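S.K.: Quick one: structure below, then a few questions.
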Amino acid sequence: MRTPFIAGNWKMNKNPKETQEFLDGVKGKLPDASKVETVIGAPAIDLTTLVAGAEGTPLKTAAENCYFEDEGAFTGETSPKALKEMNVDYVIIGHSERRGYFHETDEDINKKAKAIFKNNLLPIICCGESLAQREAGQTEDWVASQIEAALAGLSADQVKVSVLAYEPIWAIGTGKTATADQAQEVVAHIRATVEKLYNKDTADAVRILYGGSVKPANVKELMAKPDIDGGLVGGASMDPESFIALANYQD
């Protein structure tokens, strides 16, 4: 049984003071981690505050990116080794904003995935198509190729504990949402891709999220789909009340 997974991605928002206010706002109101795993992905400058505040609570923490080297002359990059030493749990990689604005390639994302595992962290690996690709009927091939490239060289055991996230680029921050049926269709295809690359056990174990304008109003419908295990949530994860509602969608 895959534990549901509700993850916030704050992107380039909130300072440490606002992070502490958020933590105070959700304290004691998140479900037990055995029921729903809750995670907040925050900018690097907020992670010290986030990790300290999440300690002893069900909330887990994620960095929004890291580099594939542990240390060195890489000005402005975030070390996965340092993230582990800070007690961060997850790292989000392959987000369409990283691919689009910062020209990250499938090869970069694969190197990052390996560096994350080398440092005993866990990846949240994103994939998704543009509107042009969807309209051209290329969604399934494109998403499968992104997943295959990201997972190259990872063991089945590593993939089982990874989290994958389907984020159609046309539905991120646009207010457009893939219907629950559209999301389920692509997420099922991602699971089938994992089965083809590995085996059924691995495909049944890996958690796959949907991201793209997920909010309290649509989370229940998305979570009712058999292959959707959670949400990677942008804007709706920044408000404590909204995040609490998402996390407690089962109630």
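Any Cβ shown, glycine's included, is placed from N, Cα and C.
What Swiss-Prot records for this protein is below:
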type     : residues                                           : note
BINDING  : Asn9, Trp10, Lys11, Gly173, Ser213, Gly234, Gly235 : substrate binding site
ACT_SITE : His95                                              : active site, electrophile
ACT_SITE : Glu167                                             : active site, proton acceptor
S.K.: Out of Asn9, Ser213, which has the highest number of nearby Cβ atoms, where nearby means within 10 Å of its Cβ, if these are the binding-site residues?
M.R.: Asn9
S.K.: In the structure shown, which of the recorded positions Lys11, His95 has the fewest Cβ neighbours within 10 Å?
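M.R.: Result for the recorded positions Lys11, His95: minimum number of other Cβ atoms within 10 Å at Lys11.
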S.K.: What is the maximum Cα to Cα distance, in Å and rounded to a whole number, among the residues Asn9, Trp10, Lys11, Gly173, Ser213, Gly234, Gly235 annotated as binding substrate?
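M.R.: Site span for substrate, by Cα atoms: 14 Å.
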S.K.: To the nearest whole angstrom, what is the C-alpha distance linking Lys11 (substrate binding site) and His95 (active site, electrophile)?
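M.R.: Pair distance, Cα basis, whole Å: 10 Å.
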S.K.: According to DSSP, does Gly235 (substrate binding site) sit in a helix, a strand, or coil?
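M.R.: Gly235 (substrate binding site) sits in a helix per DSSP.
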S.K.: Near the substrate site, what residues other than Asn9, Trp10, Lys11, Gly173, Ser213, Gly234, Gly235 in the same chain have a C-beta no further than 8 Å from the centroid of the listed C-beta atoms?
M.R.: Ile172, Val233, Ala236, Ser237, Met238
S.K.: Reduce the DSSP letter at Asn9 (substrate binding site) to three states and note it down.
M.R.: strand
S.K.: At a 10 Å cut-off from the C-beta of Gly235 (substrate binding site), count the other C-beta atoms across all protein chains.
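M.R.: So the Cβ neighbour count for Gly235 (substrate binding site) comes to 18.
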S.K.: Would you mind reading off the Cα separation of Trp10 (substrate binding site) from His95 (active site, electrophile), to the nearest angstrom?
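M.R.: A Cα-Cα distance of 12 Å.
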S.K.: Cβ-Cβ under 8 Å from Gly173 (substrate binding site), same chain, 6 or more residues apart: which ones?
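M.R.: In sequence order, Ser213, Gly234, Gly235 meet the Cβ cut-off.
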S.K.: For Trp10 (substrate binding site), list the number of other Cβ atoms lying within 10 Å of its Cβ atom.
M.R.: 22
